[in-house]
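*Asks:* Below, the features straight out of TrEMBL:
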- LYS267: active site, proton donor (ACT_SITE)
- GLY56, VAL57, GLY58, GLY59, VAL60, GLY61: NADP(+) binding site (BINDING)
- THR137, LYS161: NADPH binding site (BINDING)
- GLU252: L-homoserine binding site (BINDING)
- 56-186: domain 'Aspartate/homoserine dehydrogenase NAD-binding' (DOMAIN)
- 195-409: domain 'Homoserine dehydrogenase catalytic' (DOMAIN)
Amino acid sequence: HANVLSCRSAPSNKSRYLISRIHPRDRTAPSAAVSSYTTDTLTMGRGKYPHVAVIGVGGVGTQVMEQMNANPFHGFQLVAVCSSKRMLISTKDTCLKPVAWKDALNASETPVDFSAVQSALRELAEQGETAVFIDNTSSQAVAEMYPGLLDAGIAVVTPNKKAFSGEVALYQGIVLADAKRGKYLYESTVGAGLPIISTLKDLVETGDKVLKIEGVFSGTMSYIFNNFSAVEGSNESFSSIVKVARAQGYTEPNPADDLNGADVARKLTILARIIPEMKDEQGNFPLLHGYRSVETTSLIQDAPSSAVSNGDEFMKWLPEQDAHFAQMREQAANEGSVLRYVGVVDVKNKIVKAELAKYPKTHPFATSLGGSDNIIMFHTERYGKRPLIVQGAGAGNDVTAMGVMSDVLKLMRP
């Protein structure tokens, strides 16, 4: 079959086993069935290569699959691929071909069955293999599977913010499960491929004291305000810039989902829960109700419900706000400042907020940003006089998938 390869049965010697590993072939050689790849069988130590199930193959998920295929020397073993409607899953007799996944998935008549995926990964984990559940969705239901996966010794890698920025009970369940068996990595939930979470964890785990984190966390908000409130000045209307951003794919289909500030609030929740000093006196994680507990300034609080629920209706309504935003821009310019939508975790005062704020035209948030860049400043005891700054593309399928893949590779390191 086009979508599978015959699996070789493993030898009885439990310390060694046979795997199908994909590697590049002579690019000039024809091979219709598997493009420019072939397989050979290598004898390797148990647990050497990760066995992965990829859930969600939209923009980010497709890029994850592409990057997996582009780096065959890592020897990824594909256990399952799931879209929203159908799936491919390997069995004892058949192995999935990573290079042929798209056509095979489109042709599949197997409905999605997460319990079957979890069962297959659990069996591998019990055999001492590295089993990885990659969640590329934005699904709350999938996020709620994480504690059970981790309890079964299955690692979770995801750009899905839901589990880490929602109600504290789910987050607590994930942390407790991780302490027992599985590992969870979620670098790409904040800043896509930028090392934001890993930098914060390094600061915390080496004993530095985080005083404040502030930054432009939304690629959408970054693009809009870099153009609307530029250092050199701008006369473009707010709605016209949002219209261009939407046309270029910088916003959600309904820009209201970006301009309400919830995305930034979710990212702030994820970071705040990593900082020990943000816990209360009983040691409870902060922000009981997740992103809903963040002080968030919505830029569309006056929008009618019809505009909030429909992107085209929203774009018809938005020009009504142009005079309001123009007035704010003019006021900031008169003070020598620009407008930026920022997120702040103020550890000293235990305040977490997302807001539209004014920054001097000499500030890095005014001078350093271009396009849809993110920029995050870590103010700590060690980085007291000059904060540690991480900056770069904070949105896009390719860089988000890079963040996912780098987390998977971390699981392979001793």
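Keep in mind that glycine also has a Cβ here, set from the backbone N, Cα and C atoms.
Because TrEMBL annotations are produced automatically, they should be read as predictions rather than curated entries.
Because the structure is a prediction, the values reported are computed rather than measured.
Walk me through the surroundings of each of these features.
*Replies:* Cβ environment of LYS267 (active site, proton donor): LYS161, SER165, THR189, VAL190, GLY191, PHE217, SER218, GLY343 lie under 8 Å away, each six or more residues apart in the same chain.
Using a 10 Å radius centred on the Cβ of GLY61 (NADP(+) binding site) and all shown protein chains, the other Cβ atoms total 24.
The Cβ of GLU252 (L-homoserine binding site) lies under 8 Å from the Cβ of THR220, ASP258, GLY311, each of these being in the same chain and 6 or more residues away along the sequence.
Per-residue pLDDT, averaged along the domain 'Aspartate/homoserine dehydrogenase NAD-binding' (56-186), amounts to 92 for this model.
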*Asks:* So around the NADP(+) site, GLY56, VAL57, GLY58, GLY59, VAL60, GLY61 aside, which residues have their CB within 8 A of the centroid of those CB atoms?
*Replies:* THR62, GLN63, VAL64, ASN136, THR137, ASN397
*Asks:* For the binding-site residues VAL57, VAL60, work out the Cβ neighbour count at 10 Å and name the residue with the minimum.
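*Replies:* Sparsest of the binding-site residues VAL57, VAL60 by Cβ contacts within 10 Å: VAL57.
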*Asks:* Between GLY56 (NADP(+) binding site) and THR137 (NADPH binding site), how far is it from one CA atom to the other, in Å?
*Replies:* 5
*Asks:* How many Å lie between the Cα of GLY61 (NADP(+) binding site) and the Cα of THR137 (NADPH binding site)?
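*Replies:* Just about 8 Å between their Cα atoms.
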